[in-house]
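Novice: Supplied in structure tokens, the structure appears directly below.
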Amino acid sequence: MGQIFSRSASPIPRPPRGLAAHHWLNFLQAAYRLEPGPSSYDFHQLKKFLKIALETPARICPINYSLLASLLPKGYPGRVNEILHILIQTQAQIPSRPAPPPPSSPTHDPPDSDPQIPPPYVEPTAPQVLPVMHPHGAPPNHRPWQMKDLQAIKQEVSQAAPGSPQFMQTIRLAVQQFDPTAKDLQDLLQYLCSSLVASLHHQQLDSLISEAETRGITGYNPLAGPLRVQANNPQQQGLRREYQQLWLAAFAALPGSAKDPSWASILQGLEEPYHAFVERLNIALDNGLPEGTPKDPILRSLAYSNANKECQKLLQARGHTNSPLGDMLRACQTWTPKDKTKVLVVQPKKPPPNQPCFRCGKAGHWSRDCTQPRPPPGPCPLCQDPTHWKRDCPRLKPTIPEPEPEEDALLLDLPADIPHPKNLHRGGGLTSPPTLQQVLPNQDPASILPVIPLDPARRPVIKAQVDTQTSHPKTIEALLDTGADMTVLPIALFSSNTPLKNTSVLGAGGQTQDHFKLTSLPVLIRLPFRTTPIVLTSCLVDTKNNWAIIGRDALQQCQGVLYLPEAKRPPVILPIQAPAVLGLEHLPRPPEISQFPLNQNASRPCNTWSGRPWRQAISNPTPGQGITQYSQLKRPMEPGDSSTTCGPLTL
């Protein structure tokens, strides 16, 4: 059914919650007297039965083992019945008075005994606590302490004061199992107790050894050395037993220092059963009082003084303020906490009134059941309308903007052959330049300047497809920045065998030496507003995978104008409003880190540009394509210029 406990098992299996330590040791020692020895299944069934028995009102100290045996169900698994039978045999039996004889005639009654002669004293056959016995009755053999043994012993006595019954029972059981020497006992004392307790124990042990040596001990030879030395001899088993008994007796002189709260602070709760409160007091006194100290007077006093008011009234009314503990438990056995009974008060239904409701003017219902909303007491303080409350005023409700119709794409990288300018909706009044010449059939058609629209919700971030020739094309989100001279791509887009060169970059955060690399392989970039890819002969590679920037080297090949449509409620970037024309000068201040190469001569504040109308300049048409380039002319601010407006940025 389970594993048989050997001598190397834990000194004491853990007791069930709510059972005093000395009571659990009685069950433990009775189980050790079984032949063959108990198993783990037997201890499990014993603890399960004790948990059920502790819930009954028969928890009176000392425990009546005969009553516990009567509570055991028939056919209960395990060997719990044998353990209780051993305890019943060793328990002190109180002689009961003989039953009175049946009534009969006075002539036939036998003469009564002399009432002045008291009955003879019957000495108990067994003490309340069973003597410690080694499991299976095997003789103990000396075994040195192991760390797990010391930890198990310390865990058992962690809530008991040195010298208390639980402490002494645990130490006695450990001494019987391990048969320690004088050195082992000294190590155990230093591991379990504080330095003050060890010093007091050492003084008391020296006095007891001096008395024993003077009195004379069987087998003790004064010429062979002190008792501590002779007790370490394996051949002197008797002297070792004497030294162990003296070592245990030295704990009797130690002052009790309970680790639990003080006994005066253990109070009965308002809804706590009285027997549970007395059990807490009993366990606290067992753990704190030194062995041999009378416990009953203290327990009776605290059982009345620390009880709640309801139990104190019951005990005072029945005259059990300082009675035996059993009378106090029986007096409060029928008391239970007063639970608040919830009573549902049902209001009787009244007939509907015959008078009309003052709110709606109809009869047949009360005003509290009227479905018509209550009229406001006066006009609305916001709009002076007397028909609604202030909380329903339309001025407090935000106006819901009408959904905007979806815009058609404004950018087609195709030649435009229309003679008139093309209007750009909600583009700030800007118009695309018209075509200057007619398209001939045998010539390539001239194209107008393409418009690059940006989404107002996500500007200036666009999606682009990058092909590095060494890996598969990948789609990324890149920053469209007109202030960056070169395009920056993360190193994750390139394969490990891509040749890279070291370069120094001067950006907004200063000059960097190892943040960016330079690639010499061509890179293809496909933008959403361009049908043909952009070919870059070289670009910067971000080794930290922080930036993906489309710079001026790529935007110059688009030959377009950045067009930002103005929404009804333009989005806000940080504390400023996003401008209609995007440039580096309109962005927030860059962070103090190396991010992208910056040409400080290429970007200037907007107020340094001329406020005069844009000038059209035709310069160096691209050979073979016939595409006209438009650019803006920059010059320093003149004294007569006062306008600081900016036009579209032409690349």
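The backbone N, Cα and C atoms fix where each Cβ goes, and this holds for glycine too.
These came from Swiss-Prot, pasted as-is:
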ACT_SITE  D481  active site, for protease activity
LIPID     G2  N-myristoyl glycine
MOD_RES   S105  phosphoserine
REGION    93-144  region 'Disordered'
MOTIF     118-121  motif 'PPXY motif'
MOTIF     124-127  motif 'PTAP/PSAP motif'
Novice: If you run the three-state DSSP split on D481 (active site, for protease activity), which class comes out?
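Specialist: It is coil.
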Novice: If you average per-residue pLDDT over the motif 'PTAP/PSAP motif' (124-127), what number do you get?
Specialist: 41
Novice: Around the Cβ of D481 (active site, for protease activity), how many other Cβ atoms lie within 10 Å? Please give the count over every shown protein chain.
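Specialist: There are 24 such Cβ atoms around D481 (active site, for protease activity).
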